[in-house]
Amino acid sequence: MGKEKFHINIVVIGHVDSGKSTTTGHLIYKLGGIDKRVIERFEKEAAEMNKRSFKYAWVLDKLKAERERGITIDIALWKFETTKYYCTVIDAPGHRDFIKNMITGTSQADCAVLIIDSTTGGFEAGISKDGQTREHALLAFTLGVKQMICCCNKMDATTPKYSKARYDEIIKEVSSYLKKVGYNPDKIPFVPISGFEGDNMIERSTNLDWYKGPTLLEALDQINEPKRPSDKPLRLPLQDVYKIGGIGTVPVGRVETGMIKPGMVVTFAPTGLTTEVKSVEMHHESLLEALPGDNVGFNVKNVAVKDLKRGYVASNSKDDPAKGAANFTSQVIIMNHPGQIGNGYAPVLDCHTSHIAVKFSEILTKIDRRSGKEIEKEPKFLKNGDAGMVKMTPTKPMVVETFSEYPPLGRFAVRDMRQTVAVGVIKSVDKKDPTGAKVTKAAVKKGAK
C-alpha cells in the first residue's frame, strides 16, 4: 500500500448558467464514488423525462434535491479522485445559502474552480456588473482561497465551435478582472473545456488541439498541497451538545486548528468552563487524538448539557485558551445591501457555528478593496461595493479570533433581510476574561488553573 492520498476541498464558483453542475457532475460521474446503479437509475429517469441534456447536471440535481430535502446523502457522492488527491466538492453552488456556506463552511476550500460560460452573451452576462462571476471570485479571495483554476466552459457551443479567438478574448478579460480582485492571473491555468461533451475534462481533446496547457484533471493535480493547521493551539467550535445515557455530556464539532485528545483539560469560551476530556470519538470509534478537519464528539466530565451551547469554542486550557470578545475590528466588504450602512447598524453575524447579532459600533475607514489602503477616515456610511474597517460589538457573548491566527474563526457573513449583505475578516480582537468561570473537579485534579 502506498501512502494515502491527500484530501483537498474544492469550491466551484461562477455564474448561474455557466455549467457548474454539468462540469462538477461530469467529474464526479467519471472519477467519483457514485454507484453505477445510481447512475443507471438517474439515466433512466432522465430519458423518461426527455432530459437529453441530462447526463451530468442531472446527477447533481438529484443529489442537491436530496440534500435540500434533508436526506443526508452519502457524502462520497461529492467526492472524486485525481492521481494525487482525494477531492471533495464542499458546496455545489446554486444552493440558496451558498455564500453563507462558503464562509461558515464546514471547511475551508483549498482551491476555487471558476467556471466561465464562453458562449456569446453567456460570458458577458456572467462578468457584467450584476453577474455572480465577480462576486464569487471576490468572495473566494477575501476568504483566503488562494489557488484558482479557471475553466472556459461550453467551448463546443462557441461561434465557430472550439474557437481559439473566443478563448483568448475571455482570458484577457477574466485575467484583468481577477487581477483587480487580487489574484495573480499568471498563476491560474485557463482550461478550455466542455463539461457536457467532456473536452479537456479528463482526456485531451482533439477539438482543442491549439491548446497546449493542462486538462482540468491535470490542473487539479497541480494544486499545491495545503498545510493543515495541526500545530496551532486547539480551536473546536461546538455544533451541538448531546446527553448520552451511560456516558454523559458529549459536545460535537469540527476540529478547526490544533488537536484534541483524551486527558486534555479544555476550556469552553466564552464562559470559561474548564474540564477534562474523557474520550474522543469519530464515526463511533475511539480516537487517541483528533486533528483539523475531523468531526468529533468528545465526552466531558461533570458538565451539564445546559452549560454548553452551539457556538461555544473548546480550546486547550494550557495553550492560548479561547476567550469571549468584548469587541473586534474587521475588514468588511458590502455585497448586496440596498441602502447605506452607518454606525449603529445591527445585523446578524454568522461566524464558524455561531449566529449572533452584532452592532457596527464605529465605521473607522473606507478602504480600497484590493490594496487595503485607506481612502477615507470615519466615513458616514458604507454602501454596496464598498470595503471598510469596522469596529463591531457583539450583543451577546461571542468567540471570534483574528483571521491571520485562526482563519476559520476569523471570517464571517453579515446577514440581514434573509440574505448575505456583507462578508468580512477579523483583523483584531479585544478579548475579555470570563467572570466566575467553573472549573470541574476533574480539571483541578489534572492541575488546571
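Numbers here mean position along the shown chain, with the first residue as 1.
Positions of Cβ are set from backbone N, Cα and C atoms, glycine also.
Feature list (source: Swiss-Prot):
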type    : residues              : note
BINDING : 14-21, 91-95, 153-156 : GTP binding site
MOD_RES : Lys55                 : N6,N6-dimethyllysine
MOD_RES : Lys79                 : N6,N6,N6-trimethyllysine
REGION  : 91-94                 : region 'G3'
REGION  : 153-156               : region 'G4'
MOD_RES : Lys187                : N6,N6,N6-trimethyllysine
MOD_RES : Lys261                : N6-methyllysine
MOD_RES : Lys306                : N6,N6,N6-trimethyllysine
MOD_RES : Lys396                : N6,N6,N6-trimethyllysine
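On the structure: features taken from Swiss-Prot.
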| residue | record | Cβ contacts under 8 Å, 6 or more apart |
| --- | --- | --- |
| Met155 | GTP binding site | Ser118, Lys161, Tyr162, Ser163, Tyr167, Pro192, Ile193, Ser194, Asp199, Asn200, Asn207, Leu208 |
| Lys187 | N6,N6,N6-trimethyllysine | none |
| Lys261 | N6-methyllysine | Val277, Val280, Leu287, Leu288, Glu289, Ala290 |
| Lys306 | N6,N6,N6-trimethyllysine | none |
| Lys396 | N6,N6,N6-trimethyllysine | Ile356, Ala357 |
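Ranked by CA distance from Lys79 (N6,N6,N6-trimethyllysine), the binding-site residues Gly14, Asp17, Lys20 have Lys20 at the top as the closest. In three-state terms derived from DSSP, Lys306 (N6,N6,N6-trimethyllysine) belongs to a helical segment.
Taking all protein chains in view, 14 other C-beta atoms sit within 10 angstroms of the C-beta of Asp17 (GTP binding site).
Of all Cβ atoms in the shown protein chains, 25 besides its own fall within 10 Å of the Cβ of Gly14 (GTP binding site). Here the region 'G4' (153-156) has, by DSSP, the following mix of helix, strand and coil residues: 2 helix, 1 strand, 1 coil. Lys20 (GTP binding site) has a Cβ environment of 27 other Cβ atoms inside 10 Å. The residue listed as 'N6-methyllysine' falls within neither a helix nor a strand when secondary structure is assigned with DSSP, and so counts as coil.
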